[in-house]
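What TrEMBL says about this protein:
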TRANSMEM  44-72  transmembrane segment
TRANSMEM  92-109  transmembrane segment
TRANSMEM  116-136  transmembrane segment
TRANSMEM  156-175  transmembrane segment
TRANSMEM  201-223  transmembrane segment
TRANSMEM  229-249  transmembrane segment
TRANSMEM  351-373  transmembrane segment
TRANSMEM  393-412  transmembrane segment
TRANSMEM  433-453  transmembrane segment
TRANSMEM  473-492  transmembrane segment
TRANSMEM  513-537  transmembrane segment
TRANSMEM  557-579  transmembrane segment
Amino acid sequence: MACLNIDKMCQREKKMKNEKDEYTLDGTVNKHGQPAVRARTGRWFAGVLLLVNQGLATLAFFGVGVNLVLFLTRVMGQDNAEAANNVSKWTGTVYIFSLLGAFLSDSYWGRYKTCAIFQAIFVAGLISLSLTSYIFLVKPNGCGDEETPCGSHSTISVALFYVSIYLIALGNGGYQPTIATFGADQFDEDHPQESHSKVAFFSYFYLALNLGSLFSNTILGYFEDKGMWTLGFWASAGSAILALVLFLIGTPRYRHFKPTGNPLSRFCQVIVAATRKWKIEQPSRGLELYEGDGQDLPDNGSRRILHTQGFKFLDRAAIITSKDIGVVLVNNQWHLCAVSQVEEVKCILRLLPIWLCTILYSVVFTQMASLFVEQGAAMKTTLSRFHVPPASMSSFDILSVASFIFIYRRVLDPFVTRLKKSSPGGLTELQRMGVGLIIAIMAMVAAGIVEHFRLKSADKKCSHCSNSSSLSIFWQVPQYVLIGASEVFMYVGQLEFFNGQAPDGLKSFGSALCMTSISLGNYVSSLLVSVVMKISTTDKMPGWIPGNLNKGHLDKFYFLLAALTSADFLVYLICAKWYKYIKFEERNIEKQYGEKHGDLRV
């Protein structure tokens, strides 16, 4: 009996030792470029650090962004339409820079180095903005509240202001898609338990983003609304510095994927190779195409993409001709590409229609930072003796996001899973994004109805029209709550969808697609406002969105957005039905750990 107990103890110790020394299955490496040991790297220790980092960085970013439209009107002296357009352009630029961050991350720097460098730029921009505001812009002291506009500014001070906010745009834009993907990298998708944690991470990531902005929308928003702009900006800078320090503390525990080289050259190789063979007859089966010799694969866990139908012209790049016999030996991809490389291009082409359909949703989303704030400022903003800053109403959006993330994960997803007996799991990412579009339509209708009744109780003869309506600002709560609910379905679904459907060497690009959707949404919003103002302005009518909202028809603009989003939803249904999911073969673990891993410079 004693021998049996000893034997069991030995087996248990052996099992614990094996678990302690077990490598990850997805090809990740540690900071030295060696295979990542599961017990000593990644998982929720690294994941939580990155979630806190994201929350603090978001607090810093929205400490500037959420009240930027008011800063431009009160401190910089711009009118409502000009300020709304400048905020849309700036926010759009933030997310355009996400493509730069994703490119550098996937191609050359890796995700860790990209995150560290862009966070440092972000901190520099915030410090510069704080100094510029303190020394040049917020003059005389205490100006910039509802009552006291600031004086005129020199060309140099205005230039420093724009350099500062666009440094913030560069730093935050380059960091955002990379940190989302880097966080997902900490969980092994080929491990049963960690794969579930990876799916959960995206929901918690978006929750951390919203909780970070909750503080900036309420506490910082209140101080900035009272004219304490410099204090708010310095608080944002301090939060960003703390976020960077926490990120660096986790360095020994992170898992990394090695960058895979320039994806643009791989795409061009497929196009050139397919064009060279445009006269060659295509094989009837994908099995006759060149699969590669293993050297064609980037170091991403040795996982190939399986051949799919569609975009058959690109398959020509993988057809072996008599001229390609020598090409195979020298591995010239400008003449012959492996199926996996061809499927990379197909994958991105299939993602683009889905991505385009999300842009109009982002037009709806961006109204929260511009027109919703201006609408709220024209309503009754007092509750008893307490003044409610219009920008702080976005707190209801954040609370809605937090609530619906847990409602979806704990209630809706299990309920739908029980209903869908024919297929496992709850709603697919594409279905969730469709639900997000429907809720966004409802949000615009709600905003239009509120504005319709606000205009009925507004003083149209006011000069400074803050608090010019007897309708309480809390009537905006439904539109903010609906926007928050739509974000849970649309943006969390987008993060999961684009990250899961992007090829292994383009994961940051997948996350950047979500960010650039927001970017183009801001640019389209700016364009739409300009077009609507030009068309709706007449001699007797100052347009739908004039400086004095009481003389305009913002309600019609909201109803226009609802109609456009409805049309977008119909197009989205067609694109979602046409979409084909990417399929990977199983990883070759022996090859993955049988070869020597090079150094990973981080």
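Placed from the backbone N, Cα and C atoms, the Cβ positions cover glycine too.
If you look at the transmembrane segment (229-249) against the transmembrane segment (201-223), you find at least three C-beta pairs under 8 angstroms, all six or more positions apart, and that counts as contact.
A Cβ distance under 8 Å defines the sequence-distant neighbours of the transmembrane segment (473-492), meaning residues of its chain 6+ beyond its ends; these are 202-203, 206, 210, 358, 361, 364-365, 368, 372, 375-376, 379-381, 383, 388, 390, 393-394, 396-401, 403-405, 408, 432-433, 435-437, 439-440, 442-444, 446-447, 450, 453-454, 514. Stretch with the largest number of CB pairs closer than 8 A to the transmembrane segment (393-412), among 92-109, 201-223, 433-453, 557-579: 201-223.
Among residues of the same chain six or more beyond the transmembrane segment (116-136), those with a C-beta under 8 A of the stretch's C-beta atoms are 57, 60-61, 64, 75, 101, 109, 153-154, 156-157, 160-161, 163-175, 178, 229-230, 233-234, 236-237, 240-241, 243-244, 247-248. Relative to the transmembrane segment (156-175), the listed stretch 92-109 leads the set 92-109, 201-223, 433-453, 557-579 in CB pairs under 8 A. Below 8 angstroms of C-beta separation, residues 354, 358, 361, 364-365, 367, 372, 375, 427, 471, 475-476, 478-479, 482-483, 485-491, 493-494, 497, 554-556, 558-559, 561-562, 565-566, 568-569, 572-573, 576 of the same chain, each at least six residues beyond the ends of the transmembrane segment (433-453), sit close to that stretch.
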